Ligand SMILES: Cc1ncc(C[n+]2csc(CCOP(=O)(O)OP(=O)(O)O)c2C)c(N)n1
Ligand SMILES: CC(=O)[C@@H](O)[C@H](O)COP(=O)(O)O
Ligand SMILES: [Mg+2]
């Protein structure tokens, strides 16, 4: 298409993107900001032979519409529909999957070097936002790419916005660079890139001309600095504070989003409110977020304590070590980070926090399956990767009242690192305490007494356990439900009591294997309670996320897929009891000791 036709197409693509997202919800503002860039790149480069890599890739909707997925877009972010991010499995036009930020230049450099070494041919174009440029990983890649000197195109999509307005000294630098008229020496040039810009990222004819000449002439790494507007071309988005970063379904005419009235406060708001209350009593409490102010509730904290709230940018690694330094300096830092993004800071957690026994508090939001963002955003692994660290205390809130108490527990806990996890979305609607009360460390609680079966829940599946209990009651099976509260230290007294006084003990958690259940099994094994000759008569089962990534869907559908809903619990219990009852109790006991069914059957 010629430039004129492409300009017309840009209008259509923008309208189509708005129409689709108005019916699906999703990341609208970022997609609207790259309409012209998307068209220009696809017009000048030969995708999928050339590799186009979107950073984060929350801005990939126009790219998906153009690359064979238009008809499926109304299923965007739903079960079996297109992902909200790029996915290799979805299309050859998605050469690299993303959703966590700041990976594009590293991956792109990998493609470029593969090409140089005789692998997949083609050019490489990485599109990275100014927000994503705040992460160390992007700088690590620029450092490497500049030294290698191979041909690679990096387009810096600079809209001065992360999810909130971009923060940090580099954001200020970009603003200054973007305001300069000519193509001057810049940080990027000094790092070995040919810097071009700033250019107007919405001037499609200008972009076409620029990319065409770069494609013809480039011999090494190139950085094109494009200035764009997040939400461009849709008033409601451009004038809103967050530029419609992530929206629910909305009315295109008015921009009004269809958000259902909440039945209970969100865990995030409850966390923020509880932290504010603790901070009123203790001036050493600090809140840290890595570019997720609104998502984590640190924006609420900031309103009360502007000097004690820090948005460090998309820099989870730095956030963790910054918190470690604050703790070593006598403060009480709360690092509020989504479970999935905390993965970025793991060595810092081990080396800077745990090894030094520093009392950093980790408020881990979005624990468990989160819904439309899918497996890239699932909070699946934190219990496993934290509870294996010496000296760490790890809690999970079963409801929002528990969360308030866990915030108080963390505030009071000075002897080492402590983490508490809680799910995305609304709480359960329980009565809330006026103020949080610190919990006794390493103590769980029995929530409902029963008899034959004990369900030991860690975290947000407690409600499902209580529902399963009701289901099982209709079959005459009495069930005890306990809330472990702590994965570490484990309430070993409660655990052993449940194990010794029930026919079946089931653990349930919203996390991958290697988490709470592993700790339970390890404790029982260590005590010799799983040994055949010494063992209790209690059967044991663990319910964790399965050993596969759960595809995007609603959270309920994802838990259904994972087999962690109330009816799965009830079914498992009935199956185990039925299997055990085929062997008469007398046969299962030998001199009062447990004999495994399989041995008896033999
Ligand atoms: C490691 C990591 N931390 C946090 C996020 C959450 N996040 C998604 S998009 C975004 C802002 C990205 O800003 P930018 O790259 O400038 O893109 P824009 O939305 O402005 O187009 C953030 C913080 C993430 N995806 N990955
Ligand atoms: C793209 C990204 O990583 C974020 O925008 C994320 O989708 C936010 O998720 P929440 O809606 O759970 O805050
Ligand atoms: Mg941006």
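In case you wondered, yes, glycine gets a Cβ from its N, Cα and C as well.
Whatever TrEMBL says is automated annotation, not expert-curated.
Sequence annotations record features per position, and here TrEMBL assigns thiamine diphosphate binding site to 58, 99, 100, 101, 131, 132, 159, 234, 316. What TrEMBL lists as Mg(2+) binding site is 130, 159. Marked as domain 'Transketolase-like pyrimidine-binding' by TrEMBL: 265-430.
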Number of other Cβ atoms within 10 Å of the Cβ of residue 159 (thiamine diphosphate binding site) across all protein chains: 25
PLDDT averaged over the residues of the domain 'Transketolase-like pyrimidine-binding' (265-430): 98
Those residues of the chain, 6+ apart, with a Cβ under 8 Å from that of residue 100 (thiamine diphosphate binding site): 56, 340, 341, 343, 344, 376
Alpha-carbon distance [residue 130 (Mg(2+) binding site); residue 58 (thiamine diphosphate binding site)] in Å: 14
Close-lying binding-site residues around ligand 2 among 58, 131, 159, 316, where CB distance stays under 6 Å: 58
Contacting binding-site residues for ligand 3, chosen from 58, 131, 159, 316 when the Cβ sits under 6 angstroms of any of its atoms: 131, 159
Site extent for thiamine diphosphate (largest Cα pair distance over 58, 99, 100, 101, 131, 132, 159, 234, 316, Å): 32
Alpha-carbon spacing, residue 130 (Mg(2+) binding site) to residue 159 (thiamine diphosphate binding site), which is rounded to whole Å: 7
Neighbourhood of residue 131 (thiamine diphosphate binding site), C-beta criterion under 8 angstroms, separation at least six: 101, 161, 162, 163, 166, 291, 313, 314
Distant-in-sequence Cβ neighbours of residue 316 (thiamine diphosphate binding site), under 8 Å, six or more positions away: 290, 337, 341, 342, 344, 345
